[in-house]
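For reference, the structure discussed in these notes is given below.
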Amino acid sequence: MEGSANQLQPLSETQVVNSEGGCVWQVTDMNRLRRFLCFGSEGGTYYIKEQKLGLENAEALIRLIEDGRGCEVIQEIKSFSQEGRTAKQEPLLFALAVCSQCADINTKQAAFKAVPEVCRIPTHLFTFIQFKKDLKESMKCGMWGRALRKAVADWYNEKGGMAVALVVTKYKQRNGWSHKDLLRLSHLKPSSEGLAIVTKYITKGWKEVHEEYKEKALSVEAEKLLKYLEAVEKVKRTKDDLEVIHLIEEHQLVREHLLTNHLKSKEVWKALLQEMPLTALLRNLGKMTANSVLEPGNSEVSLICEKLSNEKLLKKARIHPFHVLIALETYRAGHGLRGKLKWIPDKDILQALDAAFYTTFKTVEPTGKRFLLAVDVSASMNQRALGSVLNASTVAAAMCMVVTRTEKESSVVAFACDMVPFPVTTDMTLQQVLTAMNKVPAGNTDCSLPMIWAQKTDTAADVFVVFTDNETFAGQVHPAVALREYRKKMDIPAKLIVCGMTSNGFTIADPDDRGMLDMCGFDTAALDVIRNFTLDVI
């Protein structure tokens, strides 16, 4: 190819020459940190299964702090948090905890200052505190010093009284920590009348709050706050479903405020449904059908169908086609993955979910990259993907649809006896894509073939994605070598993602090449990882 880069010449300033004389994308410590913040591993593999976090997983983070770049690390933590770039929340909170325990004073100060921004809900704050406790011994440092006490106090004080009341009554405790613990240990001095009421409620209980404030002249805000706390207390004590419904409607109480017994009432569920967020609604469809909240033709079914057909609502809730597809397949099955819950799916809801699946393609933001997807079409793709209710072939078909419908330049190929084009058009349904996949005679899933095929056919691609079960057979050419050859010939700094959807672990990605990523399993968080990797965020 005329004008193509020699393999010994980097395609971009981010590439370096490796030990074999080929060019790879250098993995810097900042790149490793970003991977860790996104999915909890500094290496080139995303695992669906929860990985235990420890200092041994965060060597690049430690090196950056030791090199005097701790404040840059905090900036990365904040931007990952604010822009929602994390597939899992824990690595972000772990990294913040490490920074807050380190020896560098500037990093520590920046970490504590970032606590209210990064720990947006109490669950995050409790997790951060627990990580600090876990790290105390290995990092040989104290914990409840003045800096942490101030950070925790600021977390409460920077919110209004009503905002704190809403979150502390919804997220009461996690990881062995409660609000009462944090208020006691932080020696909080409330910054407002509203906060004084809430902190007294947490530490002393409703009875003392009621006694102290019943005769006092209060602001409108404080009155509203007391009424809300009274409603939260009332709902805990009442067995009367009508009163529960009234309190839900008047004070926007949510499921977390209710007792288990309240949730046995279908009328209570009907009240909760009115303001239920879409993500919670998708999660609870089976339960609400099983307990007869949703019955053929009733107004609740109509409400759900209406919400699922509302494009603005779907976009605002950031519902991805995958979220809907998982809800659809779970609901269609008529039973949960675990437990004894069973239901008969409502046909109108099934239709609404099916329609919402196609509607949500419009809400996916394109990356503007050229994709080449390579799909394993073997019978073993009918196994369930790790971390999902979907089988591997359904995940692959849906991903082909997502890319075809959102990216202007994309191609799909299938592993037959050789690589063959597998046209997926924007008007195809999921079933049509699956049927077409079944008609392709299956061949070996040699992960180097997509790059070899693209090089032979002069197909330009920024990102190659292989979808397979756990068959990641490497032929005569290693995928890393095929990718480097493709970069050299086409003069494109292309990337490769291999999704082994039923695999517990495999290694194809060159750990020293930032343009390669392995994925073991496939869950909804995997979508964020793919997007971040494609857009060069990680």
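Cβ atoms here come from the backbone N, Cα and C positions, even for glycine.
Site annotation for divalent metal cation in Swiss-Prot covers S378, S380, and the matching candidate from T429, T435, T445, T457 is T445. S380 (divalent metal cation binding site) is surrounded by 15 other CB atoms, counting those within 10 A of its CB over all protein chains shown. For S380 (divalent metal cation binding site) paired with K224 (N6-acetyllysine), the C-alpha to C-alpha distance reads 59 Å. The Cβ centroid of S378, S380, T445 marks the divalent metal cation site; residues of that chain outside this set whose Cβ lies within 8 Å of it are D376, V377, A379, M381, F415, A442, T468, D469, E471, given in sequence order. Mean pLDDT across the region 'RNA-binding' (120-284) comes to 90 in this model. Of all the binding-site residues listed here (S378, T445), it is S378 whose C-beta has the fewest other C-beta atoms within 10 angstroms. Annotated pair T445 (divalent metal cation binding site) and K224 (N6-acetyllysine), C-alpha to C-alpha distance, rounded: 63 Å. Around K224 (N6-acetyllysine), the same-chain residues six or more apart in sequence whose CB sits under 8 Å from its CB are M162, listed in sequence order.
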